[in-house]
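Below is one structure, written out as structure tokens; comments come after it.
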Amino acid sequence: MSHAGAQKGSPLTLVLMIASASIGGTLQYGYNLAIMNAPTTFIQSFINETFLERWDVQLEEYQVTLVWTIIVSIFSLGGFAGALIAGPMTIRFGRKKCLLLNNIFLMTAALLALTSRTARSFEMIMISRVLVGINAGISMNVQPMYFGESAPKHLRGAISLSSAVFTAFGVVLGQVVGLREILGSEPCWQYLLASNAIPGLIQLLTLPWFPESPRYLLIDRGDKEACINALRRLRGCEVQSSELDEILQEQAETKGMRASHPWELFTDRSVRWQLISVMIISSAMQLCGNDSIYFYASYVFKEAGISDDKIQYATIGTGTCEFTACIMCNLLVEHKGRRFMLAGGFTLMTFWAVVFTIALSFEHHTTWMSYLTMTCVYTYILSFGMGPAGVTGILPTEIFNQAARPAAYMIAGSMMWLNLFVVGMIFPFLVSGLREYCFVPFAAICLLSALYVGLFLPETKGKSLSVIMREFHRLNFKGQENHFEAQTKPQYQLGEVCLSTAL
């Protein structure tokens, strides 16, 4: 029996969809973190010159540093705003269209950055960074949701982790493009800041050709026909009845439920431990101090004793480490599981933070200690990429149902961006105040995070949402086992599924 309007697909479709969404998505987060390192001194000089031209005022060094810190850190506040609007956008427009509309912020930001030098306005750079932050905030929430809802269950972790792989690739790309030999020189810094428009343009040209999230199509829009066609295109074969059964079951369980608001999750006991887990792990992802190395990479390496002429190349090594680690995590996550990768990553970060502190304490007494400190920075980032960098983004997709998922991503994204802003603002003061002990607070946070993951976070690898929800129920209603009723069975016939997917 033929299926009207059926569209054939290829296994390559899912791979190309991931690449298209990521190039204009989470790649932008890593790229826009990295490109701010190279033009630091040039933009600081531009700020000073602008004040001198406008008001005939020569700024003090600390004043220039303050303006520069605001320009760098305001990216995080933009990301926070993006995380807040990502939920409503993805409910109204869908996952794919939300990513496409997100490029409006990016293109406006690139135009402002490109013309800021001609206009003699550092304020345009600030506005540009806010808009780029909004773009990144939306991407960091919507893209993992899009991937998690489009992936087959046995590849859900690996595919969702590709968001982290592209983030790390964006960091490396930004560091390479920011080299003095490319766009990191004084005459070219405005082109460097505007170069993020190119990945966005690639996404605008390619992503419209790929399908929307099958779960969004069926559960949110109630369009079973479109869901089956999307699954067929993404899998490159006939739809497995078991996969469609799972989506239909989730549809039945959320039938009549509207999308949750973020504040409603805080009063809903049935998602208490899911919410606590997401908030703790999203916060720890930033409070572990990894992204501080990208904000102030040159400063960290200078403190570690690396000569000025080698710092830009040493900085590329940090991004390469995270990129390599994220690829390794992508390959291992479906074998070792989420909890193992998260707890292992935080534990290794704790160890290397301690070694880094010891090395910094003795670097003035032993000549080779400066190389050990640099090694510790690399291994710290490597440990971050092996677990927290990738697994954190998967969790809201796997432990919340369709109705609560956008709100959960809003909360997770808000925690991530707020903590990134806090760390970005206080890290220079930690370095100047604690000096060689600047990584001790990060070590404590990593240790506590590893303990939480090991003690409280259930494993989600290869499990359906219903099974995961049952495991969290035992935590949410401890001692009230009779509270949890049997899962509502979806109202459909399997024979209908088989007929509808037959050609």
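Every residue, even glycine, has its Cβ placed from backbone N, Cα and C.
Fair warning: this is a prediction, and the values are worked out from it, not measured in the lab.
According to TrEMBL, the features are:
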type	residues	note
DOMAIN	18-461	domain 'Major facilitator superfamily (MFS) profile'
TRANSMEM	12-31	transmembrane segment
TRANSMEM	66-87	transmembrane segment
TRANSMEM	99-119	transmembrane segment
TRANSMEM	158-177	transmembrane segment
TRANSMEM	189-210	transmembrane segment
TRANSMEM	311-333	transmembrane segment
TRANSMEM	340-362	transmembrane segment
TRANSMEM	368-395	transmembrane segment
TRANSMEM	407-431	transmembrane segment
TRANSMEM	437-457	transmembrane segment
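Here the transmembrane segment (158-177) has Cβ contacts under 8 Å with residues 14, 18, 22-23, 25-35, 37-38, 140, 143-144, 147-148, 150-151, 183-184, 192, 195, 294, 312, 315-316, 318-320, 322-323, 325-327, 329-331, 333-334, 385, 389-391, 393-394, 397 of the same chain, all six or more residues outside its ends. With Cβ pairs under 8 Å as the measure, the transmembrane segment (368-395) is packed most heavily against 340-362, out of 99-119, 340-362, 407-431, 437-457. Tertiary neighbourhood of the transmembrane segment (66-87): same-chain residues 29, 32-33, 36, 40, 43-44, 47, 59, 98, 105, 122, 125-126, 129-142, 259, 262, 295, 406-407, 409-410, 412-414, 416-418, 420-421, 424-425, 428, selected by CB-CB distance under 8 Å and a gap of 6+ residues from either end.
Model confidence over the domain 'Major facilitator superfamily (MFS) profile' (18-461) stands at 89, taken as the mean pLDDT rounded to a whole number.
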